[in-house]
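Q: So TrEMBL lists these for the protein:
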type    : residues                                       : note
DOMAIN  : B:5-184                                        : domain 'Guanylate kinase-like'
BINDING : B:12, B:13, B:14, B:15, B:16, B:17, B:18, B:19 : ATP binding site
């Protein structure tokens, strides 16, 4: 008996290194989850392959998918659409495999509405915890700089409230190790496991 | 800034291999938690050292500790008391270190009442998931044997309801890997991390 797969959503502020962490996770030979390829209307860059880097679609095709509610989340950046096809995600989860999404924070918000049971991981910049030593050693920084950093940190901490886990991206390998640990742990959660056992007994 | 340590409670049915798993975890050079040594009134066995294997106490000493509410949990087995001194646990958690307890299920129930925020891990026998194939291939087992196994499984699944995680003890190393992953994941939980960040900002 196999449980439904987990939907793992990695997000965080832009520039935090989500793409690097995601690539590192999928470079591991034993990566235990499926990567959900995004769809975009932007043109392929040199070397990019349709169905590997992105699904490349025309603006018209993309807008039909929006109308048909076939996107788990989507957004427009500088004139191009980016989104996650929902069918692939549902089919893969139903087959018992975990699906990994790496998306922007506004996309993560949309996914939370449709898949509240997903596993949401916020990748946090190490600057947040560096903040503490900066505050403690405040003589070395101007008051204005500290004030700005604290405002930025507050905004980031408010973003976190949507998420189940916060992983600091201090080193790519550490971040990957924590993300893998989170997925292993979630598969051991009692609610999940005992439902499986209870179903097993009903088979009787 | 350091958060308070986690109280990790490993328990499960007797004979499931709790002691073996605990020893394997603490044999790792990078074991990241402190082991809470139990107290007992039974006599030391050959080679057992006071303060390493157990704290050996007289029955009178133990009963004074019970009266003074100095035990996180205790129970009597075949005429001897076994228990967990509470002061060591509190002091170690307050110093920011994680504390690991390996105790019987009735002890775990007592700890849950005093430390509801603890992390409770149920070590499950692999026989539970073997049950499925036994049920599926029922021609090879007598009806009565299957019925007995299912009753035993039901009783074990009911025990699980107190716990946060269920780890199957299929192989000692796998079980240890999952337990370590659970502890790493729990340290990344958003509630925990964002409280830390919020405290950091209050320092201002």
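Heads up, the Cβ atoms here are built off N, Cα and C, so glycines get one too.
Predicted automatically and left uncurated, TrEMBL annotations should be read as such.
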Q: Output the one of B:12, B:13, B:15, B:17 that, of all these binding-site residues, has the highest number of other Cβ atoms within 10 Å of its Cβ.
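A: When each Cβ's neighbours within 10 Å are tallied, B:12 tops the list.
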Q: What does DSSP say about residue B:18 (ATP binding site): helix, strand or coil?
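A: DSSP call for residue B:18 (ATP binding site): helix.
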Q: Starting from the Cβ of residue B:16 (ATP binding site), draw a 10 Å sphere and report how many other Cβ atoms land inside it.
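A: The answer is 20.
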Q: Name them in sequence order: residues not among B:12, B:13, B:14, B:15, B:16, B:17, B:18, B:19 whose Cβ is within 8 Å of the mean position of the Cβ atoms defining the ATP site.
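A: Same chain, not in B:12, B:13, B:14, B:15, B:16, B:17, B:18, B:19, Cβ within 8 Å: B:123, B:125, B:169.
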Q: Neighbour count first, Cβ atoms within 10 Å, every protein chain included; then name which of B:14, B:18, B:19 tops the list of binding-site residues.
A: B:18
Q: Restricting attention to the domain 'Guanylate kinase-like' (B:5-184), give the mean pLDDT.
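A: Across the domain 'Guanylate kinase-like' (B:5-184), the average pLDDT comes out at 89.
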